[in-house]
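Here is what TrEMBL says about this protein:
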- 55-80: transmembrane segment (TRANSMEM)
- 92-111: transmembrane segment (TRANSMEM)
- 123-143: transmembrane segment (TRANSMEM)
- 297-318: transmembrane segment (TRANSMEM)
- 338-359: transmembrane segment (TRANSMEM)
- 371-390: transmembrane segment (TRANSMEM)
- 452-470: transmembrane segment (TRANSMEM)
- 520-540: transmembrane segment (TRANSMEM)
């Protein structure tokens, strides 16, 4: 009987978990991020293939995406704040997936009839297709930003309720899902394109998003039904809604009555009405600009302003597994196989960081967790600084960062040297080999001769180890924003935070453009670590002020007179 009862209890517990709002959010987020990661990986390869194995379209797409989020982040967040939760989530979901499906179908048409399109209207029709692809893909990214703000920054907080430990666990689980899909989704779509074709890859991604959109739409509705608190949003009270309905009904009744005495309205009154209409029109036109300004002002006035700025400063770095670091690794003799293993190790390190976040937060509090995470990340990144001066490093300040570019533009020395390609050139060769189906990344005579692998080994050891502190710190700042920003401003503040992240990310690409040669990469490493250090100094300032103010509050005579225990709150 006991065994039967325990089995029944376990079955009920499992059923309750798999039907809970928390699990449904995890499932919906996994489907959403899987589609996003497949699309983000594939669209770069598609654009390279479309433009003759050139990175021009990919660079333009990246610039458009970053600029759009930078300019529209606050406006998107304000739209999230001012509309019902279910409407925002479903609208952004439909727009995002529909844009990806439409873009995938358009790419299939271009791949199938590219030769024909090139001959029509002197190639302008094909160029128009490129513009449409980038525009629609950008719309999908903006909708994805709205979805991320809605689910990860708002719905998760409401589902967790007042339980901070539950909120931390949900944030960590969502981040683990991000890490896993970031590895597995590109692998899947890459295999499909390798064994099939780009046409098949476009069709698969479009079909996936169509099915995923329907399932995610249903999951959002189920989470909304299981969490009544999602129906209540700050600034949208029932009394106000009833008053709006009453005003609308009164307006309809008045409009049905015959206009009495309208002939007595003089010309001055008519002019006054027209002036008010013009003022209202101008007011509506300027509303997006005011929203942009008010969003940034509200972000500046937040108590967590320095914590948010510290996270944004971490985006100003070349010490990550992006195209910049990958290109530099190729110049140092690392092949694709080794880099794939390093990327896997980086993902494992990131997952360890999310697990460490929940463990440390339970024992030391949220703010101290961010402090420890920052110290851990900076300590690991010191290995990257040391690697700049180790044997095998190409670091050479006597080589001008602009020398190769100026010589190429002025035509004094012919084309850029190929014996030691820049990271961008290396990435171009990498993508070309992937597109052409080559099994090797470089020919033997193209591989650079490296005296020692000590420098590059220390570089990637520091980058991988620093991911533990990085992801733990990211979760800390995320939860600080969730807990300290009022509900009515949650969307706009997170929108501005995304804009800040993209701004610093743009600056890091500009920094690489100004110093593209491998000899200057060591300087970029030092600058990157400096920005990370400045970011953590901002967080240390925020942490010191927060801990001091809360200690003063807990030890104040008023609290002692009320008989409260003068201990720090759990968030500390």
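Cβ atoms are placed via backbone N, Cα and C, with glycine included.
Just so you know, TrEMBL annotations never went through curation; they're auto-generated.
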Residues from the same chain, set at least six apart from the ends of the transmembrane segment (520-540), whose C-beta lies under 8 A from its own: 306-307, 309-314, 316-319, 328, 370-371, 374-375, 377-378, 381-382, 384-385, 387-389, 393-395, 397, 399, 401, 423, 459, 473, 477, 504, 508, 511-512
Cβ-Cβ under 8 Å with the transmembrane segment (123-143): same-chain residues at least 6 beyond its ends: 39, 43, 47, 50-51, 57, 60-61, 64-65, 68-69, 72, 76, 92-93, 95-97, 99-100, 102-103, 106-107, 109-110, 114, 117
Beyond the flanks of the transmembrane segment (55-80) by 6 or more, those residues with Cβ under 8 Å of it: 43-44, 47-48, 88, 130, 134, 137-138, 141-142, 145-146, 149-150, 154, 288, 291-292, 294-296, 299, 424, 427-428, 431, 490-499, 502-503, 505-506, 509
